[in-house]
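I have a structure I would like to understand better, so I am pasting it below and will then ask my questions one at a time.
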Amino acid sequence: MSARKAQRAAVAVLAVAGLVPLGAAGVPAAAGPQAPAVVVNEVSQRVNPDWVELHNPGDATADLSGWRLQDDQDRGPEDYVFPAGTVIPAGWYLVVDAADDGTTGFGFGLGAADTVRLSDAGGSLVDSLSWTEHAATTYGRCPDGSGEVRQTAAPTRGEANDCTSPLRVNEVAAGFVELVNPSGAGVELGGHVVRAAGAEDGHALPDGVLAPGGLLLIEADALGFAPGEASGVELVDGAGAVADSHGWEIVPEPSTGRCPDGVGAFTVTAAATPGEPNDCVPVAGQDAVKVNEVESSDGVPGDWIELVNTGAEPVDLSGWLVRDNDDTRFSTIAAGTVIAPGGFYVHEEAALGFGLGSGDMARVYTPNGTLVDAYAWDEHAASTYGRCPDGTGEFRTTTSPTKGAPNHCDGDPEPDPEPEPGDPWPGGPDVTVADRADDFDGDLSGLDHQDGVLWAVDNGRGRLHRLEWDGAVWRDGAAGGWATGKPLRYPGGVGTPDSEGVTVTGDGSVVVGTERDNDDDGVSLLSLLRYDVTGAEPELTASTEWDLTSELPPTGPNAGIEAVEWVPDDVLTGLGFADASTGAPYDPDGYAGHGGGVYFVGVEGTGLVYAYLLLDDGDVHQLAELDPGLGAVMALDFDLATSTLWAVCDDGCDGTSALLEVGDDGAFAVTGRVARPAGMANLNTEGFAIAPVEECVDGLRPVYWSDDNDTDGHSLRAGTLACPEPEQPGEPGDEDGGADEDGAGEGGSDNEGGSGDDAGAEAGGGVGDDTGDDTGGLGGEALPDTGTPAATLLAAAMLLALAGLGLLRARRGGHGVS
């Protein structure tokens, strides 16, 4: 999975003295012509949330009404347009945040290599600011408002840029001071002065350039003072500003230095290292942890680095650093991360914040900057690079990836073979896009099709989308505050759930499956969250959380719950579903307060599906464990028309789907395995939804997939699935056709999903060209309008035929008939 940032906050005007909201008293009205001198002055794109600072260095108020803010893509109506009345007084700053939580702002994320563009109301480019990698701080103009773009010394949101020198004091001993350049560019030394704390004069550095990561040693004789006799040291840049300082009562022996070099806090070192990287005090476990396996290409969900603990004691990795071959960036392992003796820890690309290249390196450091282990390679491996044997052997190309498990090496017993791709896809071979280009920028995951709505969750931003068919594509509906989806929160309004699966229950509530809180993404948190989606609130807070972390097998933070599917009790009891916890047929009456259905939960890391009851008091009860025989379970959907549970894998197993049905023993078992449609690329599928049989046309009905990678700028694909033959037996109904108090009642009049123009429009998102139409064109052929009298007669005739065969069956939640 890929790993993109959450976005939130609002628009505000910032003066040097403080914050002044747009339109507040004290902000002068627009005066005179627009000021083309407005510049993109500072950009923050590494730490959530992203923000862009504009600055008006002119002498007149600038009116930005109708101006446009964009990244490196032209998004049309999705670009940010400044509201009427937006002004920047002369000398002031305007900060625009990424939009979220119902606030105003830009709706796109800023990447590691990106551009911010500012255009006037006529479309003319006013200014732009570009970069090629994440900044440790921010990118800004130096001097403020007019200079070249470089990394700032520190973020200064809404204030003049901090253009002080990036040089830092790195190590001090009685006989020397050492400086370091922790930035990604060379720094001119001329004009810098090193002086004793409080002194007016000091040692002027000679002209020259200190390379990125470079160290500069200044002996006490050159300094003009003895550090051991001073109370501190200051580094002054060419503008006279103190760029860095460090003080002490007594200089520690053997020295005091930053751990890690350049960016860490000062601590007593193990030994003085003048002009060399600091020698920091050993950390428990640093000799036991090794880089064990590396995936740099075509990983699932992305690149990753695996560590192993070769020691006999657990090792706490909290605050340890992971780097590639770039010294200017690193990733910090989350607090609370512990490797058991002989255990593995996988640092995913989403946690890294950057990918691994064909010629690259994996390095791990303790919090004090000590290099623990490293491995470098010159090209991508056919599988992965791993130690053989684990933890102690030399690196070589493994026979197959084994993320979080012992390596597979030549001479090892052959791993279990991958499951066969299966039978051809049981529907049309063609697949087409079903969303607008760049509506989603990655991380779209679980899907559920219900009553004319396609529900979808975004795992990166923790958002729920209510998608409606507009005659050509599925897109966010505008009513009820759903125009850009709604942020999800844990109970109490906190956190950002990594939302992977979604299902609609019989009472209309939505349950979302999550594997972690993105605000603490290094810790596994396997939860199911219930949301009321009937209101107009801009943000959804879970009414109930069921924590399955202790119930399910341990998984990596990014290998947990991927899918959830709710199936009504009456459907399962009609199929003879067995309760493995009792060894008897499932009896819903034996479990008070469970909500009328069973939740099937798919877990990526185990490749298994678990059937749970979620109780009103927050407790859970496991009924069964299902094995689809896939490498990973990324999506689930229960097809009421065929009583089949679909378990879908992603590109890690070529998009194969396993079909499970209840057997004579009451257990779900694999009855088939099918390949993805012939016309569908091998996508990172994380959601799958089947349209009801009411949308069948010429023996086919629509199905939908989500692509977490947003391949070619699209996250939704549509295809077709063969409809069941009318005489195909299902679960037996009762004498009056099987409707009960939760069912269709009088002849299926409560069918909410297959009537009128709406059902035709949904099916228009099936396959064929990319346009569709409001008649529900499927593969270029018109769907019948099920709201017409002829269609009503046809539907009634079909229902009578089904009733005669005893095939009436309650739709999800008992609303209607399929």
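Counting begins at 1 with the first residue displayed.
Cβ coordinates are placed from backbone N, Cα and C, and glycine is handled just like the others.
So TrEMBL lists the following for this protein:
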type     : residues : note
SIGNAL   : 1-24     : signal peptide
DOMAIN   : 27-133   : domain 'LTD'
DOMAIN   : 148-243  : domain 'LTD'
DOMAIN   : 264-403  : domain 'LTD'
REGION   : 386-431  : region 'Disordered'
COMPBIAS : 412-421  : compositional bias 'Acidic residues'
REGION   : 708-784  : region 'Disordered'
COMPBIAS : 732-744  : compositional bias 'Acidic residues'
COMPBIAS : 745-780  : compositional bias 'Gly residues'
TRANSMEM : 790-808  : transmembrane segment
By DSSP, how many residues in the domain 'LTD' (264-403) are helix, how many strand, and how many coil?
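Secondary-structure composition of the domain 'LTD' (264-403): 4 helix, 55 strand, 81 coil.
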Over the domain 'LTD' (148-243), what is the model's mean pLDDT?
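The predicted confidence over the domain 'LTD' (148-243), as a mean pLDDT, is 91.
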Of the residues in the domain 'LTD' (27-133), how many are helix, strand and coil by DSSP?
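Split by secondary structure, the domain 'LTD' (27-133) comes out as 3 helix, 40 strand, 64 coil.
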What is the number of residues in the domain 'LTD' (148-243) that are helix, strand and coil, as DSSP sees it?
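Here the numbers are 7 helix, 37 strand, 52 coil.
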